[in-house]
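K.L.:
Heads up, here are the entries from TrEMBL:
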- 13-185: domain 'Fructose-1-6-bisphosphatase class I N-terminal' (DOMAIN)
- GLU85, ASP104, LEU106: Mg(2+) 1 binding site (BINDING)
- ASP104, ASP107, GLU271: Mg(2+) 2 binding site (BINDING)
- ASP107, GLY108, SER109, SER110, ASN199, LYS265: substrate binding site (BINDING)
- 189-322: domain 'Fructose-1-6-bisphosphatase class 1 C-terminal' (DOMAIN)
Amino acid sequence: MQTFQHYLQSQNQVAPELRDTVRSVVSACLNISANVRLGALAGVLGEAGTGNVQGEAQKKLDVIANQILIDELKQNPNVAGLASEEEDDFVACHEQGEYLVLFDPLDGSSNIDVNISIGTIFSVLKRDKTVSGSLKVEDFLQKGAQQVAAGYVLYGVQTVLVLTFKHGVNVFTLNEQGEWLQTHENPKIPEQTAEFAINMSNQRHWEMPVQQYIGELLAGKDGARGKNYNMRWVASMVAEVHRILMRGGVFLYPKDNRDSSKAGKLRLMYEANPLGLIVAQSGGKITNARENMLEIQPTGLHQRVAVVLGSAEEVERVRELHG
Ligand code: AHM
Ligand code: MG
């Protein structure tokens, strides 16, 4: 089996500086994985007693994972700047660096203390060199389609790294020696599925098209869709996306009528875009229910967005219902 290191070396069509940037992210994730695995033994579970920019309580591991990534990326001269779901503002790194790294250090925070899968999500953008001067937030506000690399590490039953440089997707599994070995090449998300993921407890807040769509699925074999659907909800987006990558499915986190979710819950830059690139590179689709996610012009680093992703037929149906 090919190691991740060997795979990176063989990617001649990818700029060496970009490969080195991704190497730093993955190296940080190995360190995060060691902390995640030990849990209570390393004293890393529980609340940090702090909040992030979106007013969410941070777990100790959120803070630790964030710091590990920042420390590692700051050492890499190719990194011009970084932005994190856990930081209020972006962090400028190396003036000569060409790349910008955005990340959700530990996605699925509510699952940390209960030993359910969590993950790190990352997105890499190229800094526009034609814009001179010091790094600005606008440098980061690029469409998802402009990402040059994206991926995630899922700390699950197995620890896996899923990565794209925009020519397919590769999956690596961490072995006991701390090496990543390639275990899948170009997984393809089937166009059709009979499995959906949504937080059903929010049903009373959903808008009409989402009510209608889930209604169709719940109607089963005798309904308009003519088949019985199964449901899964892990509450870790990385884990849901990984399941969909491996066997298909549709995932929805819609916006709804509550003031707190008028724009959706998930973050465009740290969650939707990087996972969207993986999904799109695997033959699946991602939308905010109206437009292609990867074509949305971001207006803020911490912008929230409605998310529908996965098997093409289902994502198309959701779009259709939204008119
Ligand atoms: P987080 O970044 O604070 O962990 O929140 C994102 C998570 C997603 O991983 C998951 O899909 C969703 O929030 C779970 O939401 P809910 O608590 O409604 O189940
Ligand atoms: Mg998250």
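The backbone N, Cα and C atoms fix where each Cβ goes, glycine too.
Could you place these features in context, so I can see how deep they sit and what lies close by?
P.N.:
As a whole-number mean, the pLDDT of the domain 'Fructose-1-6-bisphosphatase class I N-terminal' (13-185) in this prediction is 95.
All protein chains shown were included, and the count of other CB atoms within 10 Å of the CB of ASP104 (Mg(2+) 1 binding site) stands at 29.
GLU271 (Mg(2+) 2 binding site) falls within a helical segment according to DSSP.
Neighbour list (LYS265 (substrate binding site), Cβ cut-off 8 Å, at least 6 residues apart, same chain): TYR253, ARG304.
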K.L.:
How would DSSP class ASP104 (Mg(2+) 1 binding site) in three states?
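P.N.:
ASP104 (Mg(2+) 1 binding site) sits in a strand per DSSP.
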K.L.:
Of the binding-site residues LEU106, ASP107, GLY108, SER109, ASN199, GLU271, which ones put their CB under 6 Å from ligand 1?
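P.N.:
The binding-site residues passing the 6 Å Cβ test are ASP107, GLY108, SER109, ASN199.
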K.L.:
Find, for the listed binding-site residues SER109, ASN199, the residue with the lowest Cβ contact count at a 10 Å cut-off, counting only other Cβ atoms.
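P.N.:
Comparing Cβ neighbour counts within 10 Å for the binding-site residues SER109, ASN199 gives ASN199.
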K.L.:
From the binding-site residues listed here (ASP104, LEU106, ASP107, SER109, ASN199, GLU271), select those whose CB sits under 6 A from an atom of ligand 2.
P.N.:
ASP104, ASP107, GLU271
